[in-house]
Amino acid sequence: MQIYNTLARAKEEFIPRDKGHVSMYVCGPTTYNFIHLGNARPLVFFDTVRRYFLYKGYKVDYVQNFTDVDDKIINRAAEEKIDPLELAQKYIQEFFVDADALNVMRADTHPKVSEHIEEIIDLIKRLEDQGHAYVVDGDVYFAVRSFAEYGKLSGRSLEDMQAGARVEVDPRKKDPMDFALWKAAKPGEPSWDSPWGSGRPGWHIECSAMAEKYLGNGFDIHGGGFDLIFPHHENEIAQSEAACKAPFARYWMHNGFITINQEKMSKSLGNFFLVREILAKFPPDVVRWYLLSTHYRSPLDFDDEKLVMSGKGLERIKTALRLLYEAMDLPVYEGEDIQGAENFEETLQRIRLEFEKAMDDDFNTALAISYFFDLAKEVNIYVGKLNSKVTLEMRKILDQAHTLIKDFNRVLGILKEDKMTGKLLIEMAGADDTLTEGLVQLIIKIRQEARSKKDWSTADAIRDGLKELGVVLEDTPQGVRWKKQG
C-alpha cells in the first residue's frame, strides 16, 4: 500500500508502527457552528481510510478530537449570551447528527480539549523545562527557533513564513513567529488554574497533548485538510518532537479543499453551505458518493449539478442491487448452469483485485468507484441471462456478487445495512428526513410571510400546530431554526 506523505512530499509504502495495527489521529471541528460541506470532506474521507484498513484486516485505533475551547467559540457564545462550553457541547451534538446522516462511524475516541487540560499543562511544562517555551505576563509561547526542523512539513523557512504571514507584531515575543501555548485568562472566557496563572490553552498544543495521550509518539497517520498544514500541523510537530525527542506522526495526509467557483469554501469567506442545507436537497448517500468521487488530494468544485450527476451514478449501483436481490429470491432447481457463469465468477475476482489496487494506491476512491460501476454492469449482464429459476451453483455465484458489493460498500460506506437480513438498504432512511426538512422549511416560509404582514394569529397557529406534531421552532438573530421535540 502506498500513501502520499506530505512530510516526504511523495508516496511511500505504508508500514504500520505495530504489525496489524493502525493508529490514526484526525483533527476534528472547532464546535461553534454547524459543519459545512468543506468540513464534511475530511470527515467522510478519513472515515473511508479507516474502513479500508478494517477491510484489510487491521485493528484500527481512530481518534478525532473536538476543539471546544477557542476564540471563535468564545466570540459566538458572547453573541448568543451563553456559556462557551455550553455552546460547544450543543454543536458537538449537532456534529453527530450530520456525521450519522453521512454514515460516518464514530471514532474510537472523541477527546475534548476541556477534558484534557491536565495533559496540556503537563506538555507545556515539559517544553518550558527544556527551554522551548517562555512566559510573558501569564502567557506562554513556543520559541520556534529552538526547534531546528521547524518548517519541515510545509517546506518553508522561517524567513519565508514571516514574510508571507499575517502575524500581529507583539513586542513581548522573542520572535514574531512564536505562537501561544497558554493564554492568560480574560473576563468572560473559560479558564483553568496553571503554574503560569489562570488561563486556557492555545490551539496547537491541544492536539499534541491529546494525540500523545491516546496514541503515543510515532503513531501512524495524522490527517486533516490542506489548510491545516501550516500553521497547525507544523506547530504540532514542533511542540511534540521538541518535548519528546521522537517523531510525532509518521504519515501526514491532507485532503484538498471544496471550492465554489474555484474559491475555497469557508465560513470566514462566507461562501459555504451547511451539510444539513445540502441534505435538505439531496439524500445522504448521494452526498457521500459525491465527496468520494474525486481523489482526496484534488480540489472538489461544488455545484448542484455535480450532486445530481452523483445521484444518477449511484442509482446505477442501486439498480444492479435491486436486480441482484430479485435474482437471489428466485427458486432453486437442479439443472444446467447458464452459459458464462464461470466467466462471471472470474470477473468478480478481477474486479475485487482492481478495486483493492486502486485503494492501495493512496486511497484512490475515484478509481475504486469506477470498478464499482464495472461490477454493477457485470451484475446486470449476468442477471439478465437468468430465467425464473436458478441452480445451486448460480445461486452461489449470485451470493459472491452480493458479498463483493457489500465489501465495496463496507469500504465506501455509502449504503446502510439491514442487520436482520444482511441486505443493503437501497433507499436510505435519510430520504424521508430530506422530505421532512423540505416541508418544514416551506411551512416556516409561510409563517415568516404571515409575520411580515403582522398576521400574528396565523404565525402563532403555525408554530403551535408544528409543536403538537413534535416540531419546535426557535426564533434566533440568525433566523428561524427547527428541531424535533424529544
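Using the three backbone atoms N, Cα and C, a Cβ is placed for every residue, glycine included.
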Range among 264-268, 339-343, 399-403, 464-468 that Swiss-Prot annotates as motif ''KMSKS' region': 264-268
Annotated stretch (motif ''HIGH' region', per Swiss-Prot) among the listed ranges 29-39, 128-138, 304-314, 414-424: 29-39
Binding-site residues (Cys27, Cys207), the one with most neighbouring Cβ atoms at 10 Å: Cys207
Zn(2+) site, defined by Cys27, Cys207, His232, Glu236: further same-chain residues with Cβ within 8 Å of the Cβ centre: Trp203, His204, Glu206, Ser208, His222, Gly224, Leu228, His233, Asn235
His232 (Zn(2+) binding site) to Lys267 (ATP binding site) - Cα separation in whole Å: 18
Segment confidence, the motif ''HIGH' region' (29-39), expressed as mean pLDDT: 95
Cβ atoms near Glu236 (Zn(2+) binding site) (within 10 Å, other residues, all chains): 27
